[in-house]
Amino acid sequence: MSTSSSNGLLLTSMSGRHDDMEAGSAKTEEHSDHEELQHDPDDPFDIDNTKNASVESLRRWRQAALVLNASRRFRYTLDLNKEEHYDNRRRMIRAHAQVIRAALLFKLAGEQQIAFGSSTPAASTGNFDIDLEKLVSMTRNQNMSNLQQYGGVKGVAEKLKSNMEQGINEDEKEVIDRKNAFGSNTYPKKKGKNFFMFLWEAWQDLTLIILIIAAVTSLALGIKTEGLKEGWLDGGSIAFAVLLVIVVTAVSDYRQSLQFQNLNDEKRNIQLEVMRGGRTVKISIYDVVVGDVIPLRIGDQVPADGVLISGHSLAIDESSMTGESKIVHKDQKSPFLMSGCKVADGVGNMLVTGVGINTEWGLLMASISEDTGEETPLQVRLNGLATFIGIVGLSVALVVLVALLVRYFTGTTQDTNGATQFIKGTTSISDIVDDCVKIFTIAVTIVVVAVPEGLPLAVTLTLAYSMRKMMADKALVRRLSACETMGSATTICSDKTGTLTLNQMTVVETYAGGSKMDVADNPSGLHPKLVALISEGVAQNTTGNIFHPKDGGEVEISGSPTEKAILSWAYKLGMKFDTIRSESAIIHAFPFNSEKKRGGVAVLRGDSEVFIHWKGAAEIVLACCTQYMDSNGTLQSIESQKEFFRVAIDSMAKNSLRCVAIACRTQELNQVPKEQEDLDKWALPEDELILLAIVGIKDPCRPGVREAVRICTSAGVKVRMVTGDNLQTAKAIALECGILSSDTEAVEPTIIEGKVFRELSEKEREQVAKKITVMGRSSPNDKLLLVQALRKNGDVVAVTGDGTNDAPALHEADIGLSMGISGTEVAKESSDIIILDDNFASVVKVVRWGRSVYANIQKFIQFQLTVNVAALIINVVAAMSSGDVPLKAVQLLWVNLIMDTLGALALATEPPTDHLMHRTPVGRREPLITNIMWRNLLVQSFYQVAVLLVLNFAGLSILGLNHENHAHAVEVKNTMIFNAFVMCQIFNEFNARKPDEMNVFRGVNKNPLFVAIVGVTFILQIIIVTFLGKFAHTVRLGWQLWLASIIIGLVSWPLAIVGKLIPVPKTPMSVYFKKPFRKYKASRNA
């Protein structure tokens, strides 16, 4: 039997490509140049999609160029050695489990003298008549003889004091007793890194280690020459600043680690249905206990070890345990079920016999430490950018080092008192070493500032922040890269049922007895025989349930939304659910199949009568019918009425109703296979059916969906509906949701049936896919074909899905979005993001957050590169011209702290704005630094460099310091430069918030963290300048100089407005940078 999926269907949608963007601008005429740049096959940092990338491709870029401080740089990215280790571990997972099992049994044998293979009756465990170790051993070893010894599944259930039909009691005390006796369904997790491990990793930065060595050397020389009281200041201040950077880095990393750990815990907390006290209730997987009866459906994860009570066509995918992609059929001959496996086909009920650490899955999970590391395309590109900038910074630092040493040893440098620092034959060795250490420290500190370590941190911060906030917006991120990829989505292929609609279904129209019923659920006009057949077909051909509370309260109906609607309708017709199920038995079932759009059961009445009941898509079931039962209970030929029923189906579909037909037929008992093996292979007859009823089910559109679709359209994201429903129903819902704007649009291929699409050639599908807005009567494979066609056209595709058979499309799409409520565990595991409320509006929020991730990273890049450029030019020019630098080592470390940690924290946590949804999608290969960013950072950098260099060379006269002591005047001037430089960065943080907007303050009140960080930075700067003079090489400034510093920083605001009036070329700057290299490479290859 083919693998089937649950009732929900997926939708797929995509739009035209928007490859090139300029902070959200449209495509340009110079597209060819840009496209040529984007598809550079030799670019080691060009990995546009890491979703299914191999370890080899991810390793390639790490080895492609010199990488500074690799151990620290890559602390946020995937550990490829660990990934390979886990792959090997998974391949040997079965052998690993067997070793653990043998060790456990050996331990138990030693401690409790339990003999292997013993047939001694089990000792009791608490109030239960079965021993925990024997129960666990039976299930793990899949020992049929032990199972028979206990009296089969029924005997085990009795010993566990559980009812195979109603489960255990709902009493909380009983659940606690079972946890005490048999354990809980949890397992001990390996401890993650503690804070000290993060502290050690932060310490691994090569430049910081060099600075510490320089600080220790300076400390020793200083104490030796100047004494302890004054001599410790230079070296001690550098050492303290380095330690501060290390601690702040470790704290930041540790916080992000805890956040990701909490999100991982959310991912593992599966919600599932169990039978307790005869009713179906939803609980956490952690609350499953031994004795629970759990219904299993296609796509479910087996939540614990157990044995099969009953099932039909039940097939289990055990690859997660065995490492082999093999589907294993389960029946009474092979009833053992292993935790962690997936239901590939069929339905069944299981009795839980082992939970948590007492299962193989629990032992494996406890023994394997889960790593949250994952490579994202943005991290790859940022590390490439950071490496390039780091190499530039290293080169500049070497130039400065050589220049300072040359100037020093040629006697052209002076100390603060104006005296020549080096005089051959006069200057002592200790002074020379001390001066050289200071020079070396300056060069190393330039590297610290130049190497943008904050870029990877900014990615981690913004991803962690976004993931936490997306949880509040009902989206659980399973794969980090999906956050940023969602910002590039050009099309969303959305399911209809439950995503665009409420998934709250009711039967509002019924055709039965050959005519339309006046009241959909009033049986007065129907013959009892017809009502009886409808009732039997509904009661038996369902995975739902009806529970009658003992206190006489309202009836509780469980199952999928469609089944609940039909069960409720049949109950009102007079269906006796429990009676029907007790008087007849299902001998074979064909679970609902999303390919065939129908499901059926063979029911044995008494000893000789067999009825086959079918339920499914109305027009498909109708096509299989040759008769219908009229209101008198007699059978009539359907030929004369077929057109009437077709018109009825079309009419209901146009009113956005889902049409479901119920039909049956009789079957001679001698034509039913006798042996179970033959019965499992038996294909239920689906011809010569008798039509019993057609129902129209209303599933209202979700409030807010129309607005969400409008937002997507204005954001350049095409929404497409892909549904298994009738094309007319799909069209009606699409019009209601705004996916189709008018009836005139509803022509092929804008709306198309899945069958028509799948019969096209591959080239034709690619052409047609661009135009499709609605696809009706589609199968999961049709959705996969649509996704493939759209991706070949260059679209970045997001797909929603909930069924097991949707897994290939979810995996193929750039972003797979599974449904948290209606989605199967198989679909969730194949997806990148889980939409917790199944709401399309939440999908749109994910798009906003995806764009926000990219935008926040760009804000931080603009801010950090401005600091990099300004600090480098100021120190290099000053060093080359005067032999000294105005920004000292400790000061640059403080600036580094502002940039790398505080700046990243402030800008990476900017919430998304409506402005983001007025842009077209971010191009998959759009340059990280856009022309707008280049303009902004160059304007600010040139301003800062100009002002601060003027202060450096003419500051004494400008500030009126000529009449003061020269050494003190130089200290005041340098302090002023440092203070003004920091003020520029504080005010420029506001500019970085809005790279392409005039009003940089818009929404600042919505980010209190940003305001707090700016305030804290300002206060700390006051403390450093005013109270930590000896430590930071500063002196106190008067209020006039403070005001001047603030004004210098404040000028960056009007300057930013003026700068934004400067037009920028449409061709990305990176094209001009790369063209000479490409031409050189081409000439060499020629």
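Note: Cβ is positioned from N, Cα and C throughout, glycine not excepted.
Feature annotation from Swiss-Prot assigns active site, 4-aspartylphosphate intermediate to D495; the stated evidence is similarity to another entry. DSSP assigns D495 (active site, 4-aspartylphosphate intermediate) to coil in the three-state reduction, placing it in neither a helix nor a strand.
Around the Cβ of D806 (Mg(2+) binding site), a 10 Å sphere holds 35 further Cβ atoms from the protein chains shown. Among the features that Swiss-Prot reports, Mg(2+) binding site is placed at D802, D806.
Here Swiss-Prot flags 1-15 as compositional bias 'Low complexity'.
Taken from Swiss-Prot, the feature compositional bias 'Basic and acidic residues' applies to 16-42.
Residues or ranges marked as region 'Disordered' in Swiss-Prot: 1-50.
The topological domain 'Cytoplasmic' feature in Swiss-Prot is assigned to 1-194 (among others); the stated evidence is sequence analysis.
Summarising the annotation, Swiss-Prot assigns topological domain 'Lumenal' to 216-233 (among others).
The topological domain 'Cytoplasmic' annotation in Swiss-Prot covers 255-382 (among others). Here the topological domain 'Cytoplasmic' (255-382) has a mean pLDDT of 82 out of 100.
Residues or ranges marked as topological domain 'Lumenal' by Swiss-Prot: 403-439 (among others).
The topological domain 'Cytoplasmic' annotation in Swiss-Prot covers 458-857 (among others).
Same-chain neighbours of the topological domain 'Lumenal' (877-887): 400, 403-404, 407-408, 412-414, 442, 871, 895, 948-949, 952-953, 973-974, 977-978, 981, counting only residues six or more beyond its ends whose CB sits under 8 Å from a CB of the stretch. Per Swiss-Prot, the feature topological domain 'Lumenal' maps to 877-887 (among others); the stated evidence is sequence analysis.
Here Swiss-Prot flags 909-928 (among others) as topological domain 'Cytoplasmic'. In terms of DSSP helix, strand and coil, the topological domain 'Cytoplasmic' (909-928) has 5 helix, 0 strand, 15 coil.
Here Swiss-Prot flags 952-963 (among others) as topological domain 'Lumenal'.
Counting same-chain residues at least six beyond the ends of the topological domain 'Cytoplasmic' (989-1006), those with a Cβ under 8 angstroms from any Cβ of the stretch are 23-24, 858-860, 862-863, 866, 903, 906-907, 910-911, 913, 915, 932-933, 936, 940, 1014, 1052-1053, 1056-1057, 1060. Annotation comment: Swiss-Prot describes 989-1006 (among others) as topological domain 'Cytoplasmic'.
Among residues of the same chain six or more beyond the topological domain 'Lumenal' (1029-1038), those with a C-beta under 8 A of the stretch's C-beta atoms are 233, 236-237, 240, 888, 890-891, 894, 968, 971-972, 974-976, 978-979, 1045. As annotated by Swiss-Prot, topological domain 'Lumenal' applies to 1029-1038 (among others).
According to Swiss-Prot, the topological domain 'Cytoplasmic' annotation covers 1061-1086 (among others).
Recorded stretches compared: 858-876, 888-908, 929-951, 1007-1028; the one with the most Cβ pairs under 8 Å to the transmembrane segment (1039-1060) is 929-951. Break the topological domain 'Cytoplasmic' (989-1006) down by DSSP state and the numbers are 8 helix, 0 strand, 10 coil. Look at D802 (Mg(2+) binding site): DSSP puts it in coil. In this structure the C-alpha atoms belonging to D806 (Mg(2+) binding site) and D495 (active site, 4-aspartylphosphate intermediate) are separated by 11 Å. Taking CA atoms as the reference points, D495 (active site, 4-aspartylphosphate intermediate) and D802 (Mg(2+) binding site) are 9 Å apart. Within the chain carrying the transmembrane segment (1007-1028), a Cβ under 8 angstroms from the stretch's Cβ atoms is held by residues 894, 898, 902, 905-907, 909-911, 975, 978-979, 982-983, 986, 989-990, 993, 1034, 1036-1037, all 6 or more beyond its ends. Mapped onto DSSP classes, the topological domain 'Lumenal' (952-963) shows 7 helix, 0 strand, 5 coil. All chains included, 30 other C-beta atoms sit within 10 angstroms of the C-beta of D802 (Mg(2+) binding site). Residues 874, 877-878, 881-882, 886, 969-970, 972-973, 976-977, 1041 of the same chain, all 6+ positions outside the topological domain 'Lumenal' (952-963), place their C-beta atoms under 8 angstroms from a C-beta of that stretch. Here the topological domain 'Cytoplasmic' (255-382) has, by DSSP, the following mix of helix, strand and coil residues: 38 helix, 50 strand, 40 coil.
Shown for the topological domain 'Lumenal' (1029-1038): DSSP residue counts in helix, strand and coil, namely 4 helix, 0 strand, 6 coil.
Every protein chain considered, the tally of other Cβ atoms within 10 Å of the Cβ of D495 (active site, 4-aspartylphosphate intermediate) stands at 30.
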